[in-house]
Amino acid sequence: MCMGRMISIINIILFYFFLWVKKSISELLSSTQYVCDFYFNPLTNVKPTVVGSSEIYEEVGCTINNPTLGDHIVLICPKKNNGDFSNIEIVPTNCFESHLYSAYKNDSSAYHLEKLDIDKKYAINSSFSDFYLKILVIPNEYKSHKTIYCRCDNSKTEKNIPGQDKILKGKLGLVKIILRNQYNNIIELEKTKPIIHNKKDTYKYDIKLKESDILMFYMKEETIVESGNCEEILNTKINLLSNNNVVIKMPSIFINNINCMLSSQDQNNEKNYINLKADKTKHIDGCDFTKPKGKGIYKNGFIINDIPNEEERICTVHLWNKKNQTIAGIKCPYKLIPPYCFKHVLYEKEIDSQKTYKTFLLSDVLDTPNIEYYGNNKEGMYMLALPTKPEKTNKIRCICEQGGKKAVMELHIASTSTKYISMFLIFFLIVIFYMYVSI
């Protein structure tokens, strides 16, 4: 018994060491991790809970909406044992190498990764004594629109409770991954005409970039790469996994004008110079509380000192609306509430039948870590970008306070569901119209 417990503890230590190492690598390569933990996390584990004898199982899980290149999706599922997981199973068995295209189909309905146009090397599997660890790495190129699923299914595990009409029943852990084609803006270096220098085997490329562009180039083995003055390109994503193809995804915002150089030299002394240029991002929607509307650094806002004492005024900004606006900012060189806006935001929740704004992590509100943050503490300027449209519509706030006066930035974030609701309404109106005409 002690030996089994010791092995379990060692496994947990090794697991978190693995995650720490992987996290360090991911930070180096600027990837995002989505962890669906059905074993260690008390909020999402699939252990049995007390339910009525006729009740169905509880479902827990996570949704990964449009992950980008190099991102890691991690599934942690307990192994079958004689206790809480006596009838647990992973469906499909070799997830993520195969996955379901419907949440509740069985193992025989699984499709292979080739159906998804993804190479097997992007699916990583590890086995510990108590649990399975499965990782899907989003590839450099993906050109389909699909929603896929994997299940950590403990719903068949049941235990009677003596003297009660209730039972202990396991939960269903569901991983939902929404994949969308997001690579329409790829710049392939091999298809770009270089400027050939006088020196032999030396090439130079001049690349003009836009926000969210993807730069792809092939790098031979044993190539030395150096960066000159490219540190001002914040929030880039880099992926090196695919056959020596290097992919760099540009951020949603360029804080400054960019003019920097990447240089490489391989073992055959072939030299490549890539000159990257980009213009500073302009016309950012947001609220500047130091200038009149239209006069500040952002499109909207007002002078906070013009607000009557003890009153508040709201400045409203929309993200992911019809114009697909994905970035927003606030300028407040005064007291900011919450202090770390936009990482922390005010979000309305109902507590004791009363609606009130409380502080939450924006990543928790939107249920995604795929958020870009930018800040200039000295100027009191902060920005965020949402490269991926959230699944749910949300309304959040940050407050700028000065001498008892409050200027509220209210951010309305549209969702993917809005589009489908609009399509449904159009279809519904067409049906009503034809019914009316035919009468």
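Each position is counted from 1, following the chain as shown.
Quick reminder: no glycine exception, Cβ is built from N, Cα and C everywhere.
A disulfide bond in Swiss-Prot ties CYS400 to one cysteine from CYS315, CYS332, CYS341, and that cysteine is CYS332.
For CYS150, the disulfide partner recorded in Swiss-Prot among CYS95, CYS152 is CYS95. Long-range Cβ contacts of ASN125 (N-linked glycosylation site) within its own chain (separation 6+, distance under 8 Å): ASN94, GLU97, TYR132, LEU133, LYS134, ILE135. Under the three-state DSSP scheme, ASN125 (N-linked glycosylation site) falls in the strand class.
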